[in-house]
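K.L.:
Please find one structure pasted underneath; my questions will follow.
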Amino acid sequence: MANLKSLPVGDKAPEVVHMVIEVPRGSGNKYEYDPDLGAIKLDRVLPGAQFYPGDYGFIPSTLAEDGDPLDGLVLSTYPLLPGVVVEVRVVGLLLMEDEKGGDAKVIGVVAEDQRLDHIQDIGDVPEGVKQEIQHFFETYKALEAKKGKWVKVTGWRDRKAALEEVRACIARYKG
C-alpha cells in the first residue's frame, strides 16, 4: 500500500489540493494515519461531548512546522470517509499553537460540490460555522490538560495567507 503522506499534493496546488481524510464530520473519535501500519487507526476517543465540525485530515507531500503533514478541515455537504482522498479548494487558515508548537489548520471546501461554489475565501464561510470550528479547536483538548495537552487559537487568515502556508509546507517537504 502507498504511503498516504507521500501522495501527490495535486496538480492545481496550492489553490486546490488533495486531502487525505482521517476523521469524518460529526465523529467523536480521533483517527490518525499510521504509515507503519499503512492504515488509519483510532488515536483516541475525545473525552468530552464534542465532535469534529468538518472532515479532518492532512495534505500529502507537505511538511508543517510540527513535523507532520499540514492539517486541514474540509467543509462538505456530506461526511467523507476515513482514507478518502478528496480535492479541496483552499479558502482560509486557522492559526493555532499547541503543546508541540505551531499547528495551523487549512480550511477548505470540497472542490467538486456545486453547493459550496460560493465559498472562495474565509469571509464567505458563515460566521456561525467559523465560531463552531474555533470553539471545537479551542476546547477539544481541554479535558486532557493533565496529560500536558493544550491548544490556543491565535486567529483566522484569508485565502491568500492559506495559499502561502500551503506553498511553504510543500517547499519544506521537498527540502
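Glycine too: its Cβ is placed from the backbone N, Cα and C atoms.
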K.L.:
Name the one residue among Lys12, Lys30, Lys160 that Swiss-Prot lists for the same substrate site as Arg44, Tyr56, Tyr140.
P.N.:
Lys30
K.L.:
Among Asp103, Asp113, Asp117, Asp121, find me the residue Swiss-Prot lists at the same Mg(2+) 1 site as Asp66, Asp71.
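P.N.:
That Mg(2+) 1 site, as Swiss-Prot gives it, pairs Asp66, Asp71 with Asp103.
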K.L.:
Let me know how many other Cβ atoms fall within 10 Å of the Cβ of Tyr140 (substrate binding site).
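P.N.:
Tyr140 (substrate binding site) is surrounded by 20 other Cβ atoms within 10 Å.
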K.L.:
How big is the Cα-to-Cα gap, in Å, between Arg44 (substrate binding site) and Asp71 (Mg(2+) 1 binding site)?
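P.N.:
Cα-Cα, rounded: 17 Å.
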K.L.:
About how far apart, in whole Å, are the alpha carbons (Cα) of Tyr140 (substrate binding site) and Asp103 (Mg(2+) 1 binding site)?
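P.N.:
Per the Cα atoms, Tyr140 (substrate binding site) and Asp103 (Mg(2+) 1 binding site) stand 14 Å apart.
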K.L.:
If you measure Lys30 (substrate binding site) to Asp103 (Mg(2+) 1 binding site) at Cα, how many Å is it?
P.N.:
16
K.L.:
Where's the emptiest Cβ shell within 10 Å among the binding-site residues Asp66, Asp71, Asp103?
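P.N.:
Candidates: the binding-site residues Asp66, Asp71, Asp103. Fewest Cβ atoms within 10 Å: Asp66.
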